[in-house]
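Only one structure is covered here, and it is reproduced in the block below.
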Amino acid sequence: MEDETVNNVMCQFTDPEGTTLGAPLYLPQNAGPHQLQQIVNKLLNNEEKLPYAFYISDQELAVPLETYLHKNKVSVEKVLAIVYQPQAIFRIRPVNRCSASIAGHAEAVLSVAFSPDGRQLASGSGDTTVRLWDLNTQTPMFTCTGHKNWVLCIAWSPDGKHLVSGSKAGELQCWDPQTGKPSGNPLMGHKKWITGISWEPVHLNAPCRRFVSASKDGDARIWDISLRKSVICLSGHTLAITCVKWGGDGVIYTGSQDCTIKMWETSQGKLIRELKGHGHWVNSLALSTEYVLRTGAFDHTGKTHSSPEEMKKVALESKHPKTRMTGHQQLVNHVYFSPDGNWVASASFDKSVKLWNGITGKFVAAFRGHVGPVYQISWSADSRLLLSGSKDSTLKIWDIRTLKLKQDLPGHADEVFAVDWSPDGEKVASGGKDRVLKLWMG
């Protein structure tokens, strides 16, 4: 009997939210992640075996239990809590080389965004144009002209049928990505520059018709592209709105320099609630469902859909929207949930990228390596890799499992303002002060 107690350890599996899976059970100390995976699949009655990662006190278990217990001097007298976390079934390769440098913009590239299906790329620039690039030939398809000032932000509708851009002059323009032509006149209403654009999720409404814009003037406006006008003005912030997100629950979130986050319903534009607690400007907002809302009915496999109804159905089935928010007290440029909602990453002027637990909000690690402020971050579709772009002219890829630098990507001649990882995981785009758009592949 004595031998057995030495070799077994009492374990309790819980999910990331803290819900227990069955009763505590004795596991052999020589069990490692592979064995734990089989046990969890069995306990969950999974017909298809799914991959899981395991965490003990926020540390990933990559070795047999006995090695971990020994190394961390953990008592086997107590029940060992093991958190199991579902992993993406597919794997994204880290990009490691620049496959194309595309010149064309006459001023800095301020924003880059892949279409939801990953086939097209849009960029906005200080030269007042939006460009649409064909990713197969890596050449410009269309140059969209019409803005009178810098193009500060761009956003694809989740069904991929429209692209909207917002400028420093405060006007918005909707474009047809198939022709590069404007769909109608510029949308006027904001009195100062545009700070953010977010589309209504496709599972709430297909085909996509409505988006919300935020401005330095303190207002957010909901626009209907078929009516070509602003249908609701969300006013209430006392200072500039810095960021806006249309959530999967149908609520619009705005963050402002007035230190508040406001939540609005979207049929009449009523204020639902106000989140106070920031001691300083709110610079960036993240929703745990952002990735699934961005891709709508598209996934990394490249399947297409025949009708708006089918798109809406697929988007609803594959995406279980939750909303959760967490914030920062220092100057942070960009926060972003991982596609699986398990992590939050934040990019900061302090030259670091920080990683937090997306469920508890607890700090996990700081990635150091950039020698200048980090402007923007983007996740790989499988939530295993994180990309950052910095004033130091480099892009870096961080490995979430090892919490280390995976790939250093120098190549830009100046500050990198914008980065995006395509939803299909195949490529990364970056742009910045050197006016060059770069594509990176694995």
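A Cβ is built for glycine as well, from the same backbone N, Cα and C atoms used for every other residue.
Unlike curated records, TrEMBL annotations are generated automatically.
Annotated features in TrEMBL:
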DOMAIN    9-69  domain 'NLE'
REPEAT    102-143  repeat 'WD'
REPEAT    144-185  repeat 'WD'
REPEAT    187-226  repeat 'WD'
REPEAT    234-274  repeat 'WD'
REPEAT    325-366  repeat 'WD'
REPEAT    367-408  repeat 'WD'
REPEAT    409-442  repeat 'WD'
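Per-residue pLDDT, averaged along the domain 'NLE' (9-69), amounts to 93 for this model. With a threshold of 8 Å between CB atoms, the same-chain residues lying at least 6 positions outside the repeat 'WD' (367-408) that come near it are 53, 60, 62, 87-88, 90-92, 94-96, 291, 300, 333-334, 336-340, 342-343, 345-355, 414-421, 423-425, 428, 430, 432, 434, 440. As a summary of secondary structure, the repeat 'WD' (102-143) carries 0 helix, 23 strand, 19 coil according to DSSP. Broken down with DSSP, the domain 'NLE' (9-69) shows 16 helix, 18 strand, 27 coil.
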